[in-house]
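J.: The structure under discussion is supplied below as structure tokens; questions concerning it will follow.
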Amino acid sequence: MTGWIVLPISLTAFSIPGIWIVYAMAVMNHHVCPVENWTYNLTCTDDNTKAGTPKSCCTLEDVPLISKCGTYPPESCLFSLIGNVGAFMVVIICLLRYSQVIEISQRSWLNTTALIAGCTNAAGLVMVGNFQVDYAKSLHYIGAGVAFPAGLLFVCLSSILSYQLAASALDYWLGHLRVSLTIVALISLVLTGVFFIQESFLMQHLVAICEWIFVLDILVFYGTFAYEFGSVSTDTMMAALQSSAARSCKSPGSSSTSTQLHCNAERIAMI
């Protein structure tokens with residue numbers, strides 16, 4: 001067992017409580033209404049709610065979307081921090097998983113596509129976390145439009161790879177768990193898109209609920225990599241580097257003597 005097992009656990013343990021803290025701060029500061037509220041008004045002329053308690057009058061501007069919760073300070077500061085740190089962890093997890101699959105099996109388009117999807121998901125998270133929806137709506141929506149589908153694609157491909165690499169009953173059970181999480185993510189994301197284009201109060205509130213389910217589901221999925229990361233070693237990254245070096249040496253146009261000598265030198269350096 002290696003220390004890398006802490007990374008996926010840390011992502012889940014840091015991000016899930018973090019976004020709930022952001023939500024609680026937004027509710028207490030009257031920036032959004034609580035998720036259990038299902039009553040909305042067209043306008044709120046006078047809200048006599050006491051400080052430190054949830055709003056008593058809510059409009060569509062107060063729907064507790066995750067992005068809305070992180071729009072205004074002070075919660076926006078924590079929201080950006082969670083987005084940036086979480087994105088960095090996601091990239092490291094994707095790189096390690098990519099290298100681990102190469103070490104166990106061989107290079108495949110599924111593995112490469114999963115790496116690209118995971119890194120794209122991280123890039124979208126950075127945009128979502130740093131461009132608040134009320135101040136940079138276009139950039140925020142671009143980030144969300146990139147992060148959510150890329151995250152779904154990553155979990156889909158990772159679930160397939162889990163079955164391809166399964167060698168024990170526990171591996172297959174983990175694959176079943178990941179497929180279940182993937183199905184939940186797919187359903188919640190599709191419903192988010194369907195409800196988002198509706199203008200009714202009920203539909204917009206359902207958007208918030210589906211969005212929360214999707215994000216929490218994806219974070220739990222990333223946490224499941226703790227199972228495989230117990231076997232990550234220094235040889236894991238080397239396997240990816242050696243595979244890349246071997247591929248470049250075998251590429252067309254690399255048959256010259258100087259290129260072959262360079263490739264041989266790289267192989268010797270990796271030993």
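Positions of Cβ are set from backbone N, Cα and C atoms, glycine also.
Keep in mind the model is a prediction, meaning the values are calculated, not measured.
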J.: Look up the topology recorded in Swiss-Prot and say whether SER67 and LEU170 end up on a common side of the membrane.
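T.: Taking the topological domain names from Swiss-Prot at face value, SER67 sits across the membrane from LEU170.
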J.: Within 10 angstroms of the C-beta of ASN41 (N-linked glycosylation site), what count of other C-beta atoms is obtained when all protein chains are considered?
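T.: Around ASN41 (N-linked glycosylation site), other Cβ atoms within 10 Å: 12.
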J.: Return one of helix, strand or coil for ASN37 (N-linked glycosylation site), based on DSSP.
T.: coil
J.: As a test of the contact definition, list every same-chain residue at least 6 positions from ASN37 (N-linked glycosylation site) whose Cβ is closer than 8 Å to its Cβ.
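T.: Listed in sequence order: PRO54, CYS58, HIS205.
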